[in-house]
């Protein structure tokens, strides 16, 4: 086992604090509407420019092991906030730095770190309750747009685009962000249920220009096994032909004779038909077929349920207003399923997604939920250069997460005002002893740090801003750094999601408390390099002097 370096007490804390400061100082320049960019070197390709706090934090690795420990613990704050709320990472970093600095001063002055931690926890709990109580639900899409705009650092076009996407697909819908190849940023909305399986044969195509199959009011047969022969299906095919409506077959696979027969019938014009593979694999395929059955008002034809293909009747088939199939995707628009059954299925999937511990499963369940409940919107981020597109995509991701958080838990005044005003709740609050009271004071002071940093980044003296905002009794009065005006933050449209503010404080206090209560730090000792190791002794080459005679 490698030898270790161990530092104790103030030596350990000071070295870790240095790392905390390096990381926090790099991250906090990005805070607020007038925050600056950070340029990050990449081992390949062009450097990356970003204003996203967590992207900066993740890139920082320090040479000194003890400083790096401090920096990594602070990085954990940004990562955790990003995972839970998706935004507010810079705010969380600024809060954590302030709590750590003030806390370490108190420890150096001889106070008990554990009591300081208890005081900090007490204060944080009160502030969290205050933020929850003062948050207001998001009323309309203009507020969604404002939240998005603030998170995208004042880019109103991004805010409006996210609001439009949420209008289209609803709160349950999935909104994804992709890099576009063009200069413009655009919104693409897929209505209905779409899954990534295309037609099994190009002979099914009905629109040769667009290379896709279009079906109006088709019957939909959902079969969970492979179709190798059409013999068992003849009765249902006869019934469909007589109804003169198209038929879409969704099965595990359609192969060999079955596919050939379908294609021949399609080409002869007797049967309007198309076949696609069922989406997903294994158990997930069964679940998605069940979703499709509920959406289209049909039944999954499954041997497990004792239903054979020979006995299928028209009322077991699903139906939809329209189906579009390209070579990669199938989209079912306006399935005729029963609304109450769809609602029940949505509730069931939502419960599964809340209970699952696997992130992958949760993501897949969310996708299924969106396809059933709303739809899918894609924001395609464009720009002149790759660097610009990546930087903009970071901001769109943040804005999207912030708007989701706002819809979930409501909004509070932005610009650091909600935290600053909450600090008034801590005035006069006392702990069980003087050290706990000091812990409460540390949090009260830290709550000023976000608004101070926003002011500093816009070239205004932070303490003057804090003084002016605190003088005004209104809970929504603050400083708009974009225009450098004082007034009602909600009227200015400067709002933050309550969840983001709450998570930032919670995570900052949690990691900062750990740093304050650290009494020893252990790291790998630097390896001793042997002097000039590796090269053989060259003393034997002295004889080369004799080569003079060869010239």
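Any Cβ shown, glycine's included, is placed from N, Cα and C.
Here the Cβ of residue 90 (ATP binding site) has 29 other Cβ atoms within 10 Å, regardless of which shown protein chain they belong to. Per Swiss-Prot, the feature ATP binding site maps to 30, 31, 32, 33, 51, 87, 88, 89, 90, 91, 415, 496.
Sequence-distant neighbours of residue 32 (ATP binding site) (same chain, 6+ apart, CB under 8 A from its CB) are 415, 453, 454, 457, 458, 481. In the three-state DSSP reading, residue 415 (ATP binding site) counts as coil.
All protein chains considered, the CB of residue 51 (ATP binding site) has 21 other CB atoms within 10 Å. Its own atom aside, the Cβ of residue 415 (ATP binding site) has 26 Cβ atoms within 10 angstroms in the protein chains shown.
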